[in-house]
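Database features, via TrEMBL:
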TRANSMEM  21-42  transmembrane segment
TRANSMEM  62-82  transmembrane segment
TRANSMEM  94-112  transmembrane segment
TRANSMEM  124-141  transmembrane segment
């Protein structure tokens, strides 16, 4: 099943061919996202290993935990993006709620790894506004 926006059947042969090209491009994006996910998992392993063996051995400082959380969150965001791509290709419904949830996860990552000492009040308010807007939108779409 394909997305209604890119039908296989179209009266104009050029548009029909362009839809085919776009569908293959989206499939290529899905393959590349899987490669990004694998690369991200390897990065998480590397980050954990380097933080684990650096002095003090087998102890994490708060900053180390934030780096590890950030690495994990990037992989989870990549997985969400892959799911968005797969749903876009495989269903006739745009996964609006999932897209909003992915955006919430991305901004949550920003909040988790945020260094409060280096951020201005305006930036903090902007992030809060984004979180509020996405949260309300996610709630409204879910109703």
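Cβ coordinates are placed from backbone N, Cα and C, and glycine is handled just like the others.
All annotation found in TrEMBL is predicted automatically rather than curated by experts.
For the transmembrane segment (124-141), same-chain residues at least 6 beyond its ends with a Cβ under 8 Å from one of its own Cβ atoms are 96-97, 100-101, 103-104, 107-108, 110-111, 114. Beyond its flanks by at least six residues, the transmembrane segment (62-82) meets 30, 33-34, 36-37, 40-41, 43-44, 47-48, 51, 98, 101-102, 105-106, 108-109, 112-113 of its own chain at Cβ-Cβ distances under 8 Å.
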